[in-house]
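What follows is a single structure, written as structure tokens, with notes after it.
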Amino acid sequence: MAGAGGGGCPAGGNDFQWCFSQVKGAIDEDVAEADIISTVEFNYSGDLLATGDKGGRVVIFQREQENKSRPHSRGEYNVYSTFQSHEPEFDYLKSLEIEEKINKIRWLPQQNAAHFLLSTNDKTIKLWKISERDKRAEGYNLKDEDGRLRDPFRITALRVPILKPMDLMVEASPRRIFANAHTYHINSISVNSDHETYLSADDLRINLWHLEITDRSFNIVDIKPANMEELTEVITAAEFHPHQCNVFVYSSSKGTIRLCDMRSSALCDRHSKFFEEPEDPSSRSFFSEIISSISDVKFSHSGRYMMTRDYLSVKVWDLNMESRPVETHQVHEYLRSKLCSLYENDCIFDKFECCWNGSDSAIMTGSYNNFFRMFDRDTRRDVTLEASRESSKPRASLKPRKVCTGGKRRKDEISVDSLDFNKKILHTAWHPVDNVIAVAATNNLYIFQDKIN
């Protein structure tokens, strides 16, 4: 994927360079836990970009309109709305604290002038309406302009209220709250292509909700055994098919993916398809089961493929072939020899996400040291890029990074022993149409775009 010029990636079959566009967030060395970004999501048009953090806040950025005087501005986003989505809670029955951290954000397709999104923490899902107001009503009969009631005996004439222009105000209001349906922590939400329902998944169950109904949901998957000592796997991610409203998939900690069809039965305890790659017995180790756990699953925009991310690799599966993936891309194979120390510092349990580009020809996922990886599915080339303040000059090209595993190290390479495992790219998003990407690095949001000469 990296041509002679450097960090290339497909754009209609041509290589191009990625360049820096923006970085959001403070530069402080001591980052507050609440400021760490926990999810990143473009809306369907790509004009809005939402982030959620561990402090329960949602920040929405709006894309700058491109014009002739600023041809490079299509990768620039400015703050549109900020609101507190979730607050910390306490479950008195179980004596458990419920974090405010936003686990996932999912946009609904836009139906009118307002935008809607779902956000969830470990237990509660909320539907938010994001709307603009640039007019206000004046001239009420019973109230003054400051809201005080007028003396009815002093009202001598009937007034017709009029709308007057005001400064643009963006309001975020909670329209629905979906609660008390999950015993375990919610790890996924996914909006159905019927635009009326969505699913939510925790470790052992998947529920189907209607967007208009908050007091009940349908349990469509339940893998909880009668005896919890017999539990061998948990659900790690779930997603609806982008076009077939009856089909969804869910992945497990054993590295398997099950495709279910809701037309077959109300409770999808029997899958329609079962995707699993046979394990090579010669490479089995103590860590095999941990690193095979799938942390993310994403359908391609076309609906023909799905992508799964485990600890060391990204795999692309054809929905018509269950026996093995059609592509396997190694993300950071050089860490295989470091699994023991990664187990000791708990990094081996990090949950990396993955995403497709708009045409499904390239995929992106994160790594350590603020590195992120891109893979060209057509040419099978790949590139490692870095989200760092050092390369954050306007329109500065990103230079490909290489990790050295041997003894001799070139000047432009970094040794595997000097990687910073506290700097990790877990959450990334790719614009649905353009070559604009958003990369979350701790409390910073980096935005990159393809370079225009």
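Glycine residues also receive a Cβ, built from the backbone N, Cα and C atoms like all the rest.
Quick look at what Swiss-Prot annotates:
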REPEAT    32-71  repeat 'WD 1'
REPEAT    97-138  repeat 'WD 2'
REPEAT    181-219  repeat 'WD 3'
REPEAT    230-270  repeat 'WD 4'
MOD_RES   Ser285  phosphoserine
REPEAT    289-327  repeat 'WD 5'
MOD_RES   Tyr305  phosphotyrosine
MOD_RES   Thr308  phosphothreonine
REPEAT    344-385  repeat 'WD 6'
REPEAT    420-452  repeat 'WD 7'
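Neighbour count (other Cβ atoms within 10 Å of the Cβ, all protein chains): 11 for Ser285 (phosphoserine). Only residues 6 or more beyond the boundaries of the repeat 'WD 1' (32-71), in the same chain, are considered here, and those with a CB under 8 A from a CB of the stretch are 24-26, 77-88, 99-107, 109-110, 115, 117, 119, 121, 128, 130, 172, 427-434, 436, 438-440, 442-445, 447, 452.
Here the repeat 'WD 2' (97-138) has long-range neighbours at 38-39, 41-45, 48, 50-58, 60, 80-81, 83, 85-91, 145, 161-179, 182, 185-191, 195, 198, 200, 209, 211, meaning same-chain residues at least 6 beyond its ends whose C-beta is under 8 angstroms from one of its own. Of all Cβ atoms in the shown protein chains, 25 besides its own fall within 10 Å of the Cβ of the residue listed as 'phosphothreonine'. Cα spacing between the residue listed as 'phosphothreonine' and the residue listed as 'phosphoserine': 21 Å, rounded to the nearest whole number. Under DSSP, residues within the repeat 'WD 1' (32-71) fall into helix, strand and coil as 3 helix, 21 strand, 16 coil.
Across the structure, the residue listed as 'phosphotyrosine' and the residue listed as 'phosphoserine' place their CA atoms 30 angstrom apart. In the structure as shown, the Cβ atom of the residue listed as 'phosphotyrosine' sits within 10 Å of 21 other Cβ atoms.
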